[in-house]
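*Asks:* There's a structure below that I have some questions on.
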């Protein structure tokens, strides 16, 4: 790194620095600077232990002050506000009118036409009978409409969570047709809801943010490909298909059945409707006004294919069909949940994982559409709403539900105004359960497979992956790790890799924070990173280091060693350039939001090491928390009060050469 000092003042600066620096050796504040600084670093008012704990608790769990409007209210008013807090529909419902209902009614009918065929297909991903998908789109949306805060999110089963649930449950009970498998699905749904509700009630929603965007992109893409590969069984009419989900096992199963297991009529039906679905998606993507074409196309596929199989009796020639679907509303499943026994632990494990993944997807969808309409959602209320609907769902024969991106997008484009669109959709699903389900008897499984493949195509976000590569290579590695983990091993392995890489990135950033050498921008008193601003000039006889992180036990030793390494490297370069040796080391602490006892100890060791090297340590702009701890630990006294400055410019003006001050 080359020394950046203006040429015209070089000789004068060197002479002055060598003359004056000998009288300014470090000494804990014994020397009197020639140019006093104008401002001292202020210390915050002293707080009691209780005040500190209260402040930290409120900032961690109640940063949005959710109960601020309860203050100074009567008891009856507080009761009303409490009900409105739990059930937001009681608040916005007061302003509901016919115009809003018109938009919600149209949107509800539109997403119902999309959700019914998807529900039949997604239930099969979870290794459940098709009617459980319909059950899940009846109860859960009703609960969410009363408790949720998003106007646009559409609730129901989704592909990724269905696949995750089916994979994890089949690992516990291989016979997916057994009654215990169904009971375990309800148990997992119950504990998924409990997990989500606890996160909301305890206001621990920030925990789901530990799964990075990059990991989610990779996981979703891998899950989409895995889901698509699983549908080859229905699309090709294969009866003897592997139970493994990795790409190697699936492709081996496909090719081993190529001569005897494929059914040409099934392939013709499946591919025809898949092409139709993809064409309608393309039309809707190119012309947003024609979104309804893509929305109703799955229902058209189900109706046309069912009629075709019925009149041709293709089921007699090897085309597999849905067969019987139960009619009627959801039966109670409260007695089916494992609250004890050998499957309780499995239900808790699967439920926690499925609940967190479902919650992550729902929050991402809710925030996306809220930003598009310029309103905000309450994350903790969303978690409570999601948890409640899954707990209630587990008691009414539903499996894990969450926000669906495809349905929410259609809901948004159809002009929904409030969550009432979910109520309209639920009513349509109820009518379907009561009246229409027998008509699905001849629906070919190949069409359901086509609907699933068309639905998950958009989950493979190539543009997002390319953007990750351009912006952050580590994020791209996280994305690819999750992606390959899903397609080559399993969904749970991919999810584990996604979480592990997300935590690894956090640990890497915490334990190895960035540091930078600062220089003065010509003609200003501003000091910036000399790598970012090549024209920035370093001050003769001084080294200015900025630490870009809080200083904790996990990184304090690294920061100390990195500062000393900067000192050695810069000192060697200045010696080679015959420039003044470094006599003052300034640590710019503006980005340092906090410091713990390990950080204090590291600075004490740094101070002692610099004393041996006859280099004077100075600090610039420590924040309120940091300066308070510096005084409490006596580190400020050790360094010297006159060595702690409000700005780098003050430190340079006080101890640097006069020509560098201006």
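We number each residue from 1, going along the chain as drawn.
From the backbone N, Cα and C atoms, a Cβ is placed for every residue, glycine too.
According to Swiss-Prot:
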type	residues	note
DOMAIN	532-655	domain 'STAS'
REGION	1-35	region 'Disordered'
TRANSMEM	103-123	transmembrane segment
TRANSMEM	128-148	transmembrane segment
TRANSMEM	153-173	transmembrane segment
TRANSMEM	182-202	transmembrane segment
TRANSMEM	205-225	transmembrane segment
TRANSMEM	264-284	transmembrane segment
TRANSMEM	291-311	transmembrane segment
TRANSMEM	346-366	transmembrane segment
TRANSMEM	383-403	transmembrane segment
TRANSMEM	420-440	transmembrane segment
TRANSMEM	447-467	transmembrane segment
TRANSMEM	481-501	transmembrane segment
*Asks:* At a C-beta cut-off of under 8 Å, are there same-chain residues at least 6 beyond the transmembrane segment (128-148) that contact it? List them, or none.
*Replies:* 86-89, 115-116, 118-122, 154-157, 166, 182, 185, 322, 325-326, 329-330, 381-382, 384-386, 388-390, 392-393, 396-399, 401, 419-420, 422-423, 425-426, 429-430, 432-433, 437, 440
*Asks:* Could you check whether the transmembrane segment (182-202) and the transmembrane segment (383-403) come into contact, where contact means at least 3 Cβ pairs under 8 Å with the two residues of each pair 6 or more apart in sequence?
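*Replies:* With 3 or more qualifying Cβ pairs, these stretches touch.
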*Asks:* Please indicate, using numbers and ranges, the residues of the same chain that are 6 or more beyond the transmembrane segment (291-311) and have a C-beta under 8 Å from a C-beta there.
*Replies:* 110-111, 113-114, 116-118, 120, 269, 273, 276-277, 280-281, 283-284, 319, 321, 409-410, 413-414, 439-444, 446-447, 450-451, 454
*Asks:* Against which stretches of its own chain does the transmembrane segment (383-403) lie, if we need a Cβ under 8 Å and a gap of at least six residues from its ends?
*Replies:* 86, 123, 126, 128, 132, 135-137, 139-141, 143-144, 147-150, 153-158, 161-162, 165, 185-190, 192-201, 205, 330-334, 337, 351, 354-355, 358-359, 361-362, 365-366
*Asks:* Below 8 angstroms Cβ to Cβ, which residues of this chain, lying six or more residues outside the transmembrane segment (103-123), approach it?
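*Replies:* Contacts with the transmembrane segment (103-123): 129-134, 136-137, 154, 156-159, 162, 292, 295-296, 298-299, 301-302, 322, 325, 399, 404, 406-407, 410-411, 414-418, 420-425, 427-429, 432, 440, 443, 447-449, 451-452, 455.
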*Asks:* Could you tell me how many residues in the domain 'STAS' (532-655) are helical, how many are strand and how many are coil under DSSP?
*Replies:* 62 helix, 21 strand, 41 coil
